[in-house]
Amino acid sequence: MGKHDKKTGKGRLDKFYRLAKEQGYRARSAFKLVHLNRKYDLLSKARCCIDLCAAPGGWLQVAEKYMPKGSLIIGVDLNAIKPLPHVTTFVADITTPHCRQTLRQHMHDWKADLVLHDGAPNVGSAWVQDAFTQNELVLQSLKLATEFLAKGGSFVTKVFRSQDYNSLLWVFGQLFKSVEATKPPSSRNVSAEIFVVCRDFIAPKHIDPKFLDPKHVFKDIASLPTSITEPTDTSIAPTSSSTASAAAAAARLAANSHAHSNVYAPEKKRRHREGYAEGDYTLHHTASAEEFVRGQDPVLLLGNMNKIEFRNETEKGWLKSRHTTPDIIANFEDLKVLGKGDFKALMKWRLAIRLEIGLDVKADKTQDATEEVVVEPMDEEEQITEELQKLQQAKLAKTKRERKRANEKKARELLKLQLNMTVPDDLDQNDLALQGEEEIFDLEEGENEARRRGKNGGLATLVDDGEGMDLASESEEEEDEDEEDDEVLDSDEERERKTAALEGELDGLYDSYVERKKERDAKWKVKQDRLKDKNFDAWHGIQEKSDEEGSDDDDGQDDDEEGGWDVIAQKKAKYGEGDSSDSDSDAEPETEVPKKIKKVSFEKPARSEKSSGLMTSLREPELRAQRSKQAQLWFDQPVFKEVGDLAALDGDDEEEEEEDESEEEESDDEDVDMEDASESSSTLEGDDDFEIVPQAPEDDGPEWDVDDEDQDEVKKKVIQDKGLLTAEAVSLATALVNRKTTADKLIDQGFNRLSAHNKDGLPTWFLDDESQFYKPNIPITKEAVDALRARQRALDARPIKKVAEAKGRKKMKAVARMEKAKKKADGVMESEEMGDGEKARQVRRMLARAAKGKEKAKEKKIVVAKGVNKGVKGRPTGVKGKYKIVDARMRKEVRALKRIKKAGSKRR
């Protein structure tokens, strides 16, 4: 097919498509009805119109436009039609009784003057099948039209040119006085559609249902033999008219309607209401045996005839055949009483007789099974070319499969993202534990595996102390002791250990969830940090806390005080990383002495193979406390009294860095003493194998928090500057002012079940959830909310700084212009050359010019020389003021220059 015949998208956007867009029609097919109405005048006198298969509604728009006002217009389609003024639409299938009932409900006692049908089925690659389906749909629409059309009405339908076209025309000709086929100009030439306009409906009182049945109207009769389909004693002269041949075909179809069913299902009784065939007034029909043997359709003959006779000598000779049994002869005598098995026996007898007389030849199975295959020799180039083609096809098929697989995987991933079905990245999707086949996590197995690997290769790096002692033997002894301790653990301890492992797993999952929330929403982290520590944010702002800060922070602040959430997170990080910093570790602590020492910091010792494991001994806290007491007793000796308080030495580096320079100068002497003390203590530790463990402060006395020092003053200052910011605060303040409550009552109400909440030992994810929902609900009043909203509206009504500055500059320029105009007016009034009237006019003009300001110069209007303005001379139509005619390229350049000029201009 040529390039101009391809039905591409852009090729179908013809002038009627553009006209439909301009005139507001929903489809370009609306112009088909416009052209048909212009030729046949179908709509001007119609008072009731039915449009079958009306979506999207283009023909309904044309009918509403050209029909008289107040007419009844009804549209039916399988798809919903958007509402149109003065048009009734509903969704139904025109082949169902439901559509017929709905039409009756809408029309009441009306009869339609016009029935339109522009529908088509969903077409595919089989043209013959699609054409038959279209013609079947046309016949169904005609069936509806015969029920609702008034006498003298019109019917317009779309038909595809096919072999059933003449049958349709014959049916139309029986029901309408005038039938014309036409093709409007708006119909594409590449389309096989034509429109049949049927006028002057006859409106018969009774129509045979078979007359509108597609099985009978479109039945193929070309293959039927003449001896069966036509009587032998009558001959119908062929006519040139297609309608006459179609009428004869329909008559023959009506006569032989049940012939095949009489043979294949003879036991089923039927009531024949079709009457006698034309020219056939007898009920008993006979045929010769030769017609049965030599005929093309023996089944049709058996169904129509009553008896088969052996008339001539040839037929009587078949009676002597071994295949002609008495049962066969008896069956031929009366065909109407035979069953299905008897008809099969007659068909087998026919095949046998045809083989005897030579009409049929028995096929040789051996010859059919063996086929001679002729292989033509191929030269080398053809073989190479064929192999290359096969390889290329295989490669293309493989690439196509891979691309399809990748697209399917991408679609699945996209669907998972849309449904929030993602899983943490650190989880293995092929892990059997996730499928429930084994336990989720077992710390004991991991620890045992670590010990098996670490006995030989885990302690590859051995640390020597100052005396040259090898610590590997001591670490091995400690590992043996730990193994013995693990063996004696009972089931309760194992259960507790697994429970702790599960809690740690949940904490890890919660941490990954928090990280994903931070990545998705930037504001989420700010909100969470504000909820955790409001006082810290008020003074220092929200900032990320590193692992070092979290591990070094050991202020011992209670969780119930302000900032308790951060303390929990820091303790969690410290216990996760620094549980091994006890005296069991055999590595010597490395003390780094900076240039400017402010205090002595005892760093954590290096982690051993045991301390880096997954499990933590349950006896470790007791051992740590016991060794801490031993170390305290050791350092109570008189030798260490000059060193000072060891607990005070373990401070925070960050707090010391924030001290003033004056304090640094005063502490220089003390730093030197601290350094000496550190050296002496480390020496003693190396000699006696003791580790200095800082003692935690006692929890007996009350702690002093610097953050609580001026909190009341800070809150007062915020209220003075910004006022009450929440509806709860406004409600409480209003109640206090109106003496509905007192300060003592408010203080008493602050002590409730939600205020005393013990947070020790609770996981972070639980505490985060409790911080949102486990808090007192203070009732608020409508007046408080209205007051806050009124204040917010007042703030929103104020202009932004940029707008206010622009207005101020504009006002200053206007004042300057007015002052300048006043000075000029004074000069004019002092002039003696002009009269009083002239002076007044000059002053009035200057003041008006100053008040008005400078007028912006009108820009030239750019007119593109295309369409109606192409090649025009003089001023284009509809253009006022200054103009400039340019082409499309120059218009883009002008816009680019404006854009560059605007971007380059500096804002004052």
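Positions of Cβ are set from backbone N, Cα and C atoms, glycine also.
It is 806-841, from the ranges 266-301, 302-337, 806-841, that Swiss-Prot records as region 'Disordered'. Together with Gly57, Trp59, Asp93, Asp118, the S-adenosyl-L-methionine site in Swiss-Prot holds one more listed residue from Asp14, Asp41, Asp77, which is Asp77. Residues 378-422 are the range that Swiss-Prot records as coiled coil, among 378-422, 738-782.
Secondary structure of the region 'Disordered' (806-841) per DSSP (helix as H, G, I; strand as E, B; remaining residues coil): 31 helix, 0 strand, 5 coil.
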